Amino acid sequence: MEFVFLGTGAGVPSKGRNVSAIALQLLEERGQTWLFDCGEATQHQILHTSVRPRRIEKIFITHLHGDHIFGLPGLLGSRSFQGGTTPLKVYGPKGIKQFIEVALSVSTTHVKYPLEVVEITEEGTVFEDNEFYVETKRLSHGIECFGYRIVEKDIQGALLVDKLLEMGVKPGPIFKRLKDGEVVELEDGTILNGNEFIGPPQKGRIITILGDTRYCEASRELAQDADVLVHEATFAAEDEQQAYDYFHSTSKQAASIALQANAKRLILTHISSRYQGDTYKELLKEARELFSNTEIATDLKSFPVEK
């Protein structure tokens, strides 16, 4: 599991930062990539990374401001042009379906893979399978905006092979049956309960990716006990009133959310173009004063998520 930040700027592109897009690489977990937001020129940014459009399985849109969606039609079309055939599902607020349909229709763009658009109308679980589930809550922004909590389900513990070998049980199909939790009778009549030969489960990871937002309780709830919290930091602490007026957060407010939520790690993104060169490091310094395990994303930077 790895983050690849494709765009980390706020509002409009700048020389140093493109607009919002984050790839969550789940190559080891499911051989796929999930994309969060898709601002203008996202597919161009992808060319400089290991992200492959054909592997994008899901796209989660936080809200419908242009800096978060204007790259979507182009990416959807290019994925088809490059030979993508596997299904793709897009999640987002009401209006995302119309945006995609109109953009593809007017430009006569035809996708050759199954494309499904899910409009989120209620908070709660928007996706679940055997490996992950994704929950969402409304944030505090000028238009409807969602944050996403991605939860990896606990992974079954390993088969206690050494314990079985010590008992004289030879490797073979019986190992798989025990790993599946079956009750097995050996040739000598010994009964083995598979559940007694499975090690402790490996706890799954929790990832929280927030859209644009003021400091709010929903952010804390989504970030509770997260292994990684990705939070916007459009402004410095001295501009807190301006952040509030424009429905955004400061770096210190992001750190406060991480601290309150007992998150393990904080990554700041959505940085205003006013912070050029190394001036963005002041945002990092302010956040670390409150939450030490803070990093700040830059375009094309990767962040592994350890188990």
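Numbers here mean position along the shown chain, with the first residue as 1.
For all residues, glycine too, the Cβ spot is worked out from N, Cα and C.
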Report summary line: Among HIS110, HIS270, the candidate listed by Swiss-Prot alongside ASP67, HIS68, ASP212 for Zn(2+) 2 is HIS270
Query raised in the report: ASP67, ASP212: which of these recorded positions has the sparsest Cβ neighbourhood within 10 Å?
Result: ASP67
Query - Inter-residue Cα distance where the pair is HIS270 (Zn(2+) 2 binding site) and HIS65 (Zn(2+) 1 binding site), in Å - result: 13
